[in-house]
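Asker: Structure below; questions to follow.
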């Protein structure tokens, strides 16, 4: 995408981001409400606090959006995105304390549509700049680590502790920690179990096309069951197992709780793991396989030295799909007592407390994003030859 | 010595290879030539048991190939395929060292062997050892493929259309290289091709296959002079037979004393080259030089006398 004539000095995406960003500034930036349940009133960005307090932040947002404009200056775009995000954060910090001042003991402030819109626009600007810089995998990992450290530092500094979602957190510190661990346990545990079962199954499917033709349709069918129905189905099935199989209850198998959620996630995970393992192994060039046989490799040596290394990026892509999918799906475990961030989401839904829903939803989104980026880096590192010059 | 003894392969009732017997002497190149579907590749693949014979057997130096496990057998037999089949995720050195590694050679011995082979194929080890196959030209990939097959000093080298993916100029050079390396190492080679030109150029003996049967197994000169059937004559190309015959005879066999005008030919040329020089420059004789000094001449009459069967 490039502009013509005198406009060519401007970056087309940059123009779009600037227009959207300025439009976002005209929407309510924060919401002030009398308590955590009722709907609040929107407040524009320059009204959230005294102008002398918000002005630096607003200036940084506008300047950041403008830095995204010049064509082909990716470092400048990146700097603009960082500056803009800093400005958004500044206005949010100023607004949180200023709005609460004298608003009553139960009053709550939350980021509103303008904030989220600006956040998305500036992150898109950043993503666009980073994509154009095509950083090497390790540099990308460093960027990710820096972003996570910065986020953690801001959250733990207390600068945002006046926000409603942080107040929900403050009352549930211990629960948050244990549900976080539970969520990780569900997502990574089911991934590990799916790998232990699905990886050998994928290898067998690669070796025997009849097994493949029988297995993959069944796994595809499991994938089509809607997630709510799947979690619901697990209740009677595992409930029956728990009450009839001796010892099952002792290891925690029951109709509700961790076990049915875990099994449901596992079933969803099998298709990507088995399918991608089989597809990855089949992706090795036919001539290389023929040469491997012809030089006297045993089937096992062929698998370990040729098929697996060449198919590893595709196998890892399968694990990436599973991990991101399970982090999202694990939210539904909250519905059947399986724990995880879903617990907050469903509590929030029951109490119509939007910020409690966010306390469950936001960490889930961040977790899924981080998992996707980390897995992408691993997939790239697994590529057999990184420099191909023909 | 490789003895192929009444070997047969039946697919779904049809005989792909039908009771083929032939003997390959140690240190020679035998080229199996035929049209597609003639069974030539199946015959080759039964020797290292990538295909199991329906009946019959192959003996290498008197020992039946059926007496060892297939993967052990294959480690003793080099195998080169069309499109080289190099491992794209391994460096040149790891590709060449693949079979020695399967045989658990010590690391220093493998490294020394890799460098030795790269040098033999005129590729500087320091420059090429750590490259990946995708970073090589087609001709270099093909050479690495042959070097890999030779790495463990196999009893026998099987080559299935090894030059099929190369363009004509690179192919001619690869054929010359193979000849030189085979003469230096004394390797025994069985090579499959559909190209009679390649068969005549490379083969000490040529085996012609048709419909799963071996129709003639002879030296190239014999094949051209006395084709066993109309099919063989067709493969050789009736019109070109005199030229093919001349291309097999070095000028040194027809050289005589006497003067001749014009540009001399080296003594390693063939009579076909000499004929070509005569016709192109309108001479009736060309001078022959050996190591820069005159070694006599070859006349058009002498060439004519060798260009066919004049009984």
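Even glycines carry a Cβ here, placed using N, Cα and C.
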Asker: Tell me which range among A:28-48, A:49-69 TrEMBL lists as transmembrane segment.
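Answerer: Here TrEMBL associates transmembrane segment with the stretch A:49-69.
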Asker: Please find, within the list A:94-112, A:113-131, the residue stretch that TrEMBL describes as transmembrane segment.
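Answerer: Here TrEMBL associates transmembrane segment with the stretch A:113-131.
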Asker: Compare A:49-69, A:180-204, A:310-336 by their Cβ pairs under 8 Å to the transmembrane segment (A:216-238) and return the stretch that comes out on top.
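Answerer: The stretch with the most contacts is A:310-336.
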Asker: Output the single range from A:76-93, A:138-160, A:180-204, A:250-271 maximising the number of Cβ pairs under 8 Å to the transmembrane segment (A:113-131).
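Answerer: Counting Cβ pairs under 8 Å, the winner is A:76-93.
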Asker: When only pairs 6 or more apart in sequence are counted, do the transmembrane segment (A:180-204) and the transmembrane segment (A:250-271) reach 3 or more Cβ pairs under 8 Å?
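Answerer: Counting Cβ pairs under 8 Å (6 or more apart in sequence), the transmembrane segment (A:180-204) reaches the transmembrane segment (A:250-271), since there are 3 or more.
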